[in-house]
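Written out below as structure tokens is the structure these notes cover.
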Amino acid sequence: MSAQLQHVSVLLTEAVDALAIKPEGIYVDGTFGRGGHSRAVLARLGAGGRLIAFDRDPAAIAAGQAIADPRLELVHAPFSEFAVVLDRLGVSAVDGVLLDLGVSSPQLDDASRGMSFRFDAPLDMRMDTSRGRTVAEWLAEASVAEITEVIRDYGEERFAYAIAKAIAAARTGGAIATTGQLAAIVEKAVRTREPGQHPATRSFQALRIFINQELEELTTVLPDCVARLSEGGRLVVISFHSLEDRIVKRFLRDEARPPQLPSRLPVRAADLPPPRLQLVGKAQRPGEAEVAANPRARSAVMRVAERCGVAA
């Protein structure tokens with residue numbers, strides 16, 4: 001891997017520690033990336049352990065082929081297919097799941113992926129380049145209302161409507177085909193600037209999240225993870241922006257909350273099912289040293305939960 005396309009795993013030791021790995025256990029890395037977390041998990045597994053690693057990016061799967069370890073099973077699929085893949089592999093329960101969300105450094109730093117406004121490249125943004133629409137294809141057909149909704153909801157951008165109108169006006173003169181074109185359009189439409197942040201940051205984030213259905217993927221996989229965890233198994237999730245973390249925080253909180261007693265019904269608390277999860281510690285963020293060494297770690301938040309008793 002070239003130096004430019006290296007990926008530094010965030011909260012590496014903390015995340016693997018949080019999995020509380022059993023040497024002969026079965027674990028899932030939902031986002032293989034360049035294998036930083038997976039390698040650390042493999043280092044703690046015994047000869048009978050097993051790691052199933054997902055990634056929807058063909059480049060990540062190709063990079064993973066360099067790991068010659070029979071305990072590792074690489075799966076080219078989004079983690080929303082977690083349950084289907086485990087069924088296919090004959091795995092009914094796992095001892096831990098790690099989800100390192102968001103976009104990887106190689107995806108951002110490879111100009112050909114079209115995810116960053118730092119390069120003028122084809123406007124793609126797909127994590128899985130083998131299927132689905134590119135951002136350029138979607139922008140060519142989307143209405144002003146649809147573009148506004150995506151940029152507002154997924155980018156939390158207050159100038160979403162102005163940006164959407166500018167995109168619609170610009171495409172009348174020809175397709176918006178490159179990241180440079182889009183960044184210039186957004187830059188002109190944003191009337192005020194946030195210190196230290198490019199005007200197109202929120203819009204690019206929004207379009208990437210939307211085109212890859214990142215939040216829908218997350219909402220799908222979380223309950224599937226809990227359903228497959230064995231008793232005492234850990235779910236470890238690292239989020240990188242508030243939209244992701246909000247979903248994770250709410251899900252874990254709800255799963256760890258005891259069920260409410262129905263009002264006016266003769267039901268005892270002992271008759272209700274226990275919560276499926278128990279929260280483990282508080283949300284954890286990278287320390288100053290890690291952020292200094294890897295500035296992209298600054299927004300990371302790690303949350304951990306453990307599976308409570310599983311009914312026979």
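Cβ coordinates are placed from backbone N, Cα and C, and glycine is handled just like the others.
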Residue among ASP17, ASP55, ASP153 sharing the S-adenosyl-L-methionine site, where Swiss-Prot lists GLY35, GLY36, HIS37, PHE79, ASP100, GLN107 as binders: ASP55
Within 10 angstroms of the C-beta of GLY36 (S-adenosyl-L-methionine binding site), what count of other C-beta atoms is obtained when all protein chains are considered? 20
Please report the number of other Cβ atoms within 10 Å of the Cβ of GLY35 (S-adenosyl-L-methionine binding site). 23
So if I measure Cβ to Cβ from HIS37 (S-adenosyl-L-methionine binding site) and keep only same-chain residues at least 6 apart in sequence, which ones fall under 8 Å? SER9, LEU12, ALA15, VAL16, ASP29, LEU98, ASP100
Going by a 10 angstroms cut-off between Cβ atoms, which of the binding-site residues ASP55, ASP100 has the sparsest surroundings? ASP100
